[in-house]
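Asker: Okay, so TrEMBL annotates it like this:
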type: DOMAIN; residues: 36-114; note: domain 'Peptidase S24/S26A/S26B/S26C'
type: TRANSMEM; residues: 20-40; note: transmembrane segment
type: TRANSMEM; residues: 139-156; note: transmembrane segment
type: TRANSMEM; residues: 162-178; note: transmembrane segment
Amino acid sequence: MGWIGETVDSIKSIQIRQALTQAVSLGMIVTSALIIWKALMCITGSESPVVVVLSGSMEPGFKRGDILFLHMSKDPIRAGEIVVFNVDGREIPIVHRVIKVHERQDTGEVDVLTKGDNNYGDDRLLYANGQLWLQRHHIMGRAVGFLPYVGWVTIIMTEKPIIKYILIGALGLLVITSKD
């Protein structure tokens, strides 16, 4: 039977205690990842401290597949900064550069206008209908660093879900059949 037969025999021979140990180990790994993510959220002040660039709108500075590290401080946002923002009605955040800053005289709050470095016009067409500026609550964070190309793993698994399912299945099989 070969490898498949050995795998089936291995699954059959798993004892309850070993299965529980493996389930607890898997649970600890998932819990640790969530704790690390929440800690990064607290440290950076951003609801999403790490994002993947999904388009070429910021080339040549950031390419599709780059991972950006975000930080959100109380300092006012200034022209030239690269920000990640959410627009009402869109679920995927956008990475673009601030090109104009408008300070409201009555409240002192700062509104911003953004543009992708590789785009011809500003982002007003991307904003919600009738919206001309982004307010602070739209901004998820400022880009403070990046890792080139590492985000391609996420892009590939999103665009080709079969790869994600194969990977999850292979990891699950590895966990089930491991002897330690």
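The backbone N, Cα and C atoms fix where each Cβ goes, glycine too.
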Asker: Mind tallying the domain 'Peptidase S24/S26A/S26B/S26C' (36-114) by DSSP state, helix then strand then coil?
Answerer: 9 helix, 27 strand, 43 coil
Asker: In the predicted model, what is the mean pLDDT computed over the domain 'Peptidase S24/S26A/S26B/S26C' (36-114)?
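Answerer: Mean pLDDT across the domain 'Peptidase S24/S26A/S26B/S26C' (36-114) comes out at 89.
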